[in-house]
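Marked as transmembrane segment by Swiss-Prot: 5-24, 31-48, 53-71, 84-106, 116-135, 151-173, 178-195, 207-226, 232-254, 263-282.
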Amino acid sequence: MNIVIALIPAVMWGIMPLVVSKIGGKPRQQIIGTTFGALAFAIGVFIFTNPEYTATIIIASFVSGAFWSLGQMNQFRAFTQVGVSKTMPLSTGMQLVGTSLFGVFAFHEWGTTSKLVLGFSALALIIIGIFLTSYQQHKDENSGQNMKKGIITLLISSVGYVGYVVITRWFDISGWDAILPQAIGMVVAGLLFSIKSEEKRFTKQTWLNMIPGVMWATGNLALLFSNKLVGIATGFSLSQMGVVISTIGGILFLGEKKTKKELILVIIGVVLVIIGGTMIGIAKS
């Protein structure tokens, strides 16, 4: 049962990009809907818990949530540039590299020689995996430009996701205490990021995208439980498995086309990212 709970984040976060893509809408509509869904879920959690708030917890969690919106909105943009099956392994790999480097240099993780060797070996595998998943066999000017745009977009996205994780870690804020102020930060930032655009912000797709927002929040809550049930290392490692669902789902359910060579390299790349993520989880323990 503990492992089942620990797998919920991977399932929720793996399916979420597929649901967002199926619902459709522009990135601004997707980020607003997703953050509204996360806020609704956070309010429900707040009612049944007793979080302890201080000014630091509220402000830092709010800013952390704003960084998440920066990360998520740019991930949505990358879906339109390179597709879900390329975006998710690239995004996951970049996030793992970013959060791990912060962990080493800011929080002095991997405190032994063996953990440093394991951790940096993991980063090497992840970087190789990133390159493999981004491979294009038949390049034309348009696809090449889209890939460049996608990588730049995902670098910005990763800054947002890393900031989201690092801020609460820096101030040693419990995930339970952070949930509501984080969600408020997500909504405010999502609304601000979506101001400069001609498309309507509130459409049918906006409200439907509350569903993946609830899915993301469910995965986040399950991760808090799984960290207690199976430990941070195992919980973290299992949560990375969602990239398999989103990558394969992008190909099978969203119809994203790959040549045979691209498909093989994507699978190898995803496996390397997962192995690297698992190794990082072990190094954290």
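One is the number of the first residue shown, and numbering goes on along the chain from there.
Every residue gets a Cβ built from N, Cα and C, even glycine.
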With Cβ distances under 8 Å as the criterion, find the stretch in 53-71, 116-135, 232-254 that has the most pairs with the transmembrane segment (178-195).
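Stretch with maximum Cβ contacts: 53-71.
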So if I exclude everything within five residues of the ends of the transmembrane segment (5-24), which remaining residues of that chain have a CB under 8 angstroms from its CBs? That is, six or more out.
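Sequence-remote neighbours of the transmembrane segment (5-24) are 30, 34, 75-76, 79, 84, 87-88, 205, 208-209, 211-212, 215-216, 218-220, 222-223, 225-226, 229-230, 234-235, 238-246, 249-250, 253-254.
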Any contact between the transmembrane segment (84-106) and the transmembrane segment (31-48)? By contact I mean 3+ C-beta pairs closer than 8 Å, pairs at least 6 apart along the chain.
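These two stretches do not touch.
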State the non-local partners of the transmembrane segment (151-173) in its own chain: residues 6+ outside its ends, Cβ under 8 Å from one of its Cβ atoms.
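That would be 56-57, 60-61, 63-65, 67-75, 77-78, 81, 87, 90-91, 94-95, 98-99, 102, 106-107, 134, 182.
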Can you name the far-off residues of the same chain, 6+ from the ends of the transmembrane segment (53-71), with a Cβ under 8 Å from a Cβ of it?
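Long-range Cβ neighbours of the transmembrane segment (53-71): 31, 35, 156-165, 167-168, 170-171, 173, 177-178, 180-190, 193.
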